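Novice: Okay, handing you the structure first.
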Amino acid sequence: MARGSRSRGEKRMRFSKLYTYAACVRPGGGTTDEVPAGGGPGFSRVVFCNTPEKHFQQPATKYKSNYVSTTKYNLITFLPKALFEQFRRVANLYFLLAAAISLTPVAPYSAASLIAPLVFVVGVSMIKEAVEDSRRFTQDQEINNRKIKVHSGQGKFEARAWKKLRVGDVVKVEKDQFFPADLLMLSSAYPDGICYVETMNLDGETNLKLKRSLERTIELDEDAEFGQFHADMNCEDPNPSLYTFIGNITIEGETLSLGPQQILLRDSKLRNTQYVYGVVVFSGHDTKVMQNSTDVPSKRSRIERKMDKIIYFLFGVLVMISIIGAVVFGVRTKNDMPDWWYLEPTDVDIYNDPNNAAASSLLQLITSLILYGYLIPISLYVSIEVVKVLQAMFINQDLTMYHAESDTPARARTSNLNEELGQVDTILSDKTGTLTCNQMEFLKCSIAGVSYGRGITEVEKATAKRLGKDIKDLDEYDEDSSHEGEVRGVELSAKAHIKGYNFKDERITNGAWVNEPNPDVILQFFRILAVCHTAIPEEDESTGSVSYEAESPDEAAFVIAAREFGFEFSKRTQNTVLVREFDPSSGSQVEREYKVLNLLEFNSTRKRMSVVVKDENDQIFVMCKGADSVIYERLGKSGKAFAESTKGHLATYGEAGLRTLALSYRKMEEAEYTEWNAIFLKAKTTVGADRDAMLDSASELIEKDLILVGATAVEDKLQAGVPECIDRLALAGLKIWVLTGDKQETAINIGFACSLLREGMKQIIVSLDNAEVRAAEEFGDKDSIAKVSKESITQQLMIGQQQVDLERNNADVVFALIIDGKSLIFALDDGLKEKLLHLATNCASVICCRVSPKQKAMITRLVKEGTGKTCLGIGDGANDVGMIQEADIGIGISGVEGMQAVMASDFAIAQFRYLERLLIVHGHWCYKRIALMICYFFYKNITFGLTLFYYQAFSTFSGQTVYNDWYMSLFNVFFTSLPVIALGVFEQDVSPRILMQFPALYQQGPQNLMFGWSRIFGWMINGLYSSVMAFVFNRLAISYIAFRSDGKVPGLEAMGAIMYTCIVWVVNVQLVLALSYFTWMQHVAIWGSIALWYIFLLIYGNIDPVQSTTAYKVLTEVIAPSPMFWLITVLTTLGCILPYFVFTSYRRTFYPQDHHIIQEIRHLQKHVTDPEMWKRERKKGVRRTSVGMTAHVEHRVSSMQSDLRFGQHLGGSDNSSNVFSPDRNRDNNHV
C-alpha cells in the first residue's frame, strides 16, 4: 500500500536545514537494559524506543505524561488564586476590609450594602477569568483526547488518546494529522524517508518544511516491521529551542547522529504525505512548543500606574479626614457628652463613653474609614476594563486598517494598552518586511568584475528625485521596464512578470553569456545559484512547470534567477540535486546531477551557507554564499582577481538600496575531503553543549581559500504608503528610529527613500571601520582590539555631541546618527550608553544597521528607560520579538517572515502605513477618553463622598449617615456608571479626518496635557466645590425654609433623598459639559441614569419598610409633592456646574487649546466660508520636523530661495536663472 502511493509523491522532494547527507555511522555497543551513558549536563535524556515500560523501572527515566494543561486555574486553585488576583488591587483590598468590619457593630452601614457591591465587582472579574479559563480547559480536553495510532506490540497499532502516550512509544501519524508529541521520525510513505510538515502553529510560517529520517530506519515503513524494532537514544534535555536538536541513536550496535531534520514537533501538521512513523522523545510539557509557552511580559500603561497614585492620595485623604473626625468625636465625647441629657449619658457603652474617650475615638476612626470609603471608586477598575475591551473592538473593526489583499484586519491583542497608543514618543522600527515588502526580486549582479542588470530601484528613483534628476537621464534607465504598459501593449500579456525576477540585461540572458569575456566564471556563478540553497522544487503535473518553496524570499529569488538564466533546479533526492543546465558546447539543455555530500547551514553567526558537492566527473566543490564581509575574509590569494571591482559594485548596489550576497567556491581533493569529513562527523555525533561550536570549527576548516566569482543584488521594495506615513508621524512630533540588519549603505539609502534622511542633513556616522581599529586587528590580540575599539567609539560619540552642541541654536542644521552593530557592542556598555542616548535623542533621525535581535532589544530598553517616555517597537519577524516585547507597546506586522512578531505583539496590523491611523486617531481618542474618564470618576466620587464628611461634621461625627445604605451602594454601580462608560467608548474631540489633517493634536498625549497633575487636581477641586455647594445649599434650604404645606421642615430621610438626587443630577450634567461629541447612546446613558434613580426610588420606596428603611414612601409622599424639592434640584445643579462652565468659557475664549479652535471653526463652517483661515490653521496644526517629505520639500524650497537671493545679490540674472536647474541643485546637495 505504501509503495503504491509513492509514484506521485516522488515528484515532490524537499529538505530543510541539514548538516550532511552522508551516512554518519560510528561503531557502538549493543543495546542493553541498562541506561546508556548520557552526554553530560543538559544532555542526559535517555529514550528506550518501542519499549516505553522501561522508563518506569528507573527513577532517572520517569518522564512527564503527554497530558497538557494551559489553564491558569483548576477546581482546587481557582478560588484562592482568583481571589488573590482580585485583592492585589489596593481598592479591592480596602473594600474587603470594609466589608469585614461591616459585620461588627462599629459599621455605619448594613453589611449587605457593603458586601453586595464588592461581591458584584469582584464576581464580575472572577466570572470573566473563569469563562476565559474554561475555554482553555475545553480546548485542552479536546487536544488531550485526540486519537493517534500507537504500536501495542507484535507489529499491531491501536488508536489511543494523546494524553496516554508515553516516551518511547512508536506512533503512526497520517496525512493532515497533528503530531501528538515531539517525535523522532523513523520512516514515511515516501521511499526516501521524507515528509512535509506545516509549522504554522509553531512559528506562523505557511511554507511547508521537509523532514527526513535516517537512512538506517527508512525501511521501517509497514506496521509489521515494528514487532522486533528496538533502539536506545541519548539526546538533549527538554528545552525551548525550536530549531535545534542534538542526539544519538544506537540501532543494533550502530550509533547514528540525530539533528533537527529528524524531529517532528508537537502541534505541527503532516502535509502531502500519507503517513509517517515516529517514536516519542518529549511528551507533554517537555515538548518544545510547551517549553516556549511562557507568559507575555506584563505591561501597564502610564495612566494606569498614575491612577494607582491617585488612589493612594485619596486613601491618604480618607485617613486624614477619618482621623480628624475621630479626634473631634473623642474630644466632644469627653467634654460635652455629660451635658447632652437627651443622649442619656448615664447609660452609655464603649462607643460613646466619656470616661473612655480614647477607645470611643478609636472605634469612631474605624467607623469613619468605612463611612468615607466612597471617595475611592469601587467600580473604577471594572468600568475601565469594559471600556478598553469596547475600544479594542472598534480598533479591530476599523475598515481603514483592513488589508484586502491578505484579508488581514487590525487586531488589538490586548486591551490594556489602548491609551498608551496616544502617548508614544519614539518609534523603533525594523526595516525588512516592516518598511519594505520583504518580497525580493533579483535585479542586478556582478560576475567576474562586470556589473549586469539595468533595473532602477525605488531608492535610485528617490535619489534622482532628491538630486533634481529625471530618471530617464540615469545610465541604467530602462524605458521598456518603466513604460511597459504604454509601449508594449499586447506583448505585456504575452510575457508576464515573473515573481522574484526583474533582471534585464541582454548581455547574459538567453544564453548570450557565452560571448562574455569570462564565460567559465559566469557558468560557475549560475551553478552556485542553482545548487547552493535549501529550496524545494514542486512540479505542476498539468503544466510541467516547476515552482519553489524556500526558507526565505532571498533564496527563492536566487533559484528563480538561475532558472531564468538557463540553469533550472528541477529535482532533489536523498543525496542529489538535478539541474537542467545550458551547455555552451552543444547549445542545448542538459541534465546534470550533483551529489550533495554536506550542507553547512546559514545562521546569524556564520552569515553564510555552503554545500559540498561532487559533480559527474567526481570533482568535489565547496560552494559558498554569504555576506561580503564574511566571504572576503575567507578568499585565497588566487581567489581575489575580481575582489576590488566586485567590492565597488557591492557599494553601488548598497547605495541603490539592494540586499547583496557574495558567491564563491573552491575545489577539494578526495583525500582532503575524506580527512575533513571525519572531523565533521565526529563533531556531528558529539552529544553536548559544545556540539555547535565544534561544527562551526569544522566548517572553518573547509570554508577557506575561496575563489570569488561575483555577487547578487536583490531589491526589497518599500511598502505602499511608507513615506507618507513617516511624514505624518513626523508631523505629529514622533521620533522614528530604524533598527536593521542590513549594511550601512543599504540602510542609509532606504532612509532617503522613506524620507527619514534628506539632503542637507548632517550625518554622524559611528563605525569601527577606521585606521586605528584596523591596525589593532592586524596584531590579532582580542583585548587590544576591544580597548582600541571602545576608545574609538568614545571619541566618535564625543565628537558627534560637540557637533550637535555647536549647532544647537541653529534650527536649520539637523543631524542624523548612523551606527552599526559592531560599534553598538561597545556603545551599549554601561559607561557609554548614556552618551549614545544623549547624542541620539539630539538627532532628528537614528539608523542602527547590522544589529542583532539582542541589540534591538537592548536599544529599545535603553530608549525606554533612558528617556522615561513611551516607546513603540514595530517589526514583522522572529528577530523583532525581543524588541516588540521590550517596548512599552509592541506592534507586529503580519508579513512574509511568519507570525512570530504578531504572536508576541500587543497590536497587529498588516502594513506599516496603518500605524498612522492606529496612533493618530485611535491612540489619540483612547488616551483622551481614558484620561477624562478617570478624572471624571474621581470627581463624582469626591462630590458624593465628601457630603458624607460634611454631614458627619454637622452631626458631631456621630457615625450617622445621611443617605440610605442602598443609595450609597448603587451610586457607582448603576446611577453613574453607564454615562462614564459611554464617555470612554464614544467621545471624540475631533473627527478622524481632522486628526489626520492636524497631526500635531497627537502631542496632547506625549505631553500628557489631559492627565497631568494640574488637570487631575483641577477636577478634584471641582469635586470639592460641588460637594460643598450641594451640602450647604441643601442644608440651608431644607432646615430654614418650609418644605411642606403645613410649614414643617423635612426629616433626615427626606434630606438624604433630596441631596442624593441633586448629586445624581450634578455629576451627570457635569459630564454633559465635559463631552465634545454626542450620540444617541450617550443621551440614553446620561438621561437614562437620572431616570433610573427616580424609578429605583419609586420601587424601592414601596417595598416593606423593614427592607426599604428610610426610603419608604419618601418619593411619593414626602419629596415629590413638594415644589421646593424640584426647585432645590435645579438650583443646586446650576450652582454646582456654574464655575466649570465659566472656567471652560473663559479658557476657550482667551486660552483655547488646539482642538478648541478646530471645533469652533468646524462649528461655524469657517473651513467652507473662509478657506484661507482654514489653511493657516492647518499650517499651525503640524509640528516642526526635520524628517519626512514635508521637511524635504521645505528644505528644498528654502535652498532655492537662498540661491535666488544669492544670485540677485550678485546682480546677475544669469546666475539666478539656473537656480531650479537639476545640475545647479545637484551641486548644492554635494556642498
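Placement of Cβ uses the backbone N, Cα and C atoms for every residue, glycine included.
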Novice: What range among 92-113, 1016-1037 does TrEMBL describe as transmembrane segment?
Specialist: 1016-1037
Novice: Counting Cβ pairs under 8 Å that are 6 or more apart in sequence, does the total for the transmembrane segment (966-986) and the transmembrane segment (362-384) reach three or more?
Specialist: yes
Novice: With pairs closer than 6 in sequence left out, are the transmembrane segment (310-331) and the transmembrane segment (1123-1143) joined by 3 or more CB pairs under 8 Å?
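Specialist: Counting Cβ pairs under 8 Å, fewer than 3, so no.
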Novice: Can the transmembrane segment (310-331) be said to touch the transmembrane segment (114-131) if we require at least 3 CB pairs below 8 Å and skip pairs under 6 apart in sequence?
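Specialist: Between the transmembrane segment (114-131) and the transmembrane segment (310-331), which are separate recorded stretches, there is no contact, as judged by 3 or more close Cβ pairs.
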Novice: Identify which of the binding-site residues Gly741, Asp880 has its Cβ surrounded by the largest number of other Cβ atoms within 10 Å, counting every protein chain shown.
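Specialist: The residue with the most neighbouring Cβ atoms within 10 Å is Asp880.
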Novice: Restricting to the recorded positions Asp430, Phe602, Arg659, Gly741, Arg850, which ones have a CA within 10 Å of the CA of Asp880 (Mg(2+) binding site)?
Specialist: Asp430
Novice: So which one is it: of the recorded positions Asp430, Thr432, which has the fewest other Cβ atoms within 10 Å?
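Specialist: Output over recorded positions Asp430, Thr432: least Cβ neighbours within 10 Å is Thr432.
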Novice: Compute the C-alpha separation of Asp430 (active site, 4-aspartylphosphate intermediate) from Asn879 (ATP binding site), stating it in Å without decimals.
Specialist: 9
Novice: Report the DSSP secondary-structure composition of the domain 'P-type ATPase N-terminal' (48-112) as helix, strand and coil residue counts.
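Specialist: So the domain 'P-type ATPase N-terminal' (48-112) is made up of 31 helix, 2 strand, 32 coil.
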Novice: For Arg659 (ATP binding site) and Asp876 (Mg(2+) binding site), determine the Cα separation and express it in whole Å.
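Specialist: Rounded to a whole number, the Cα-Cα distance is 18 Å.
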Novice: Given Phe602 (ATP binding site) and Asp876 (Mg(2+) binding site), what distance in Å do their CA atoms have, once rounded to a whole number?
Specialist: 20
Novice: How far is it from Asp876 (Mg(2+) binding site) to Arg850 (ATP binding site), counting Cα to Cα, in Å?
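Specialist: Cα of Asp876 (Mg(2+) binding site) to Cα of Arg850 (ATP binding site) measures 17 Å after rounding.
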Novice: Just counting, how many other CB atoms are there within 10 A of the CB of Phe602 (ATP binding site)?
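Specialist: Other Cβ atoms found within 10 Å: 20.
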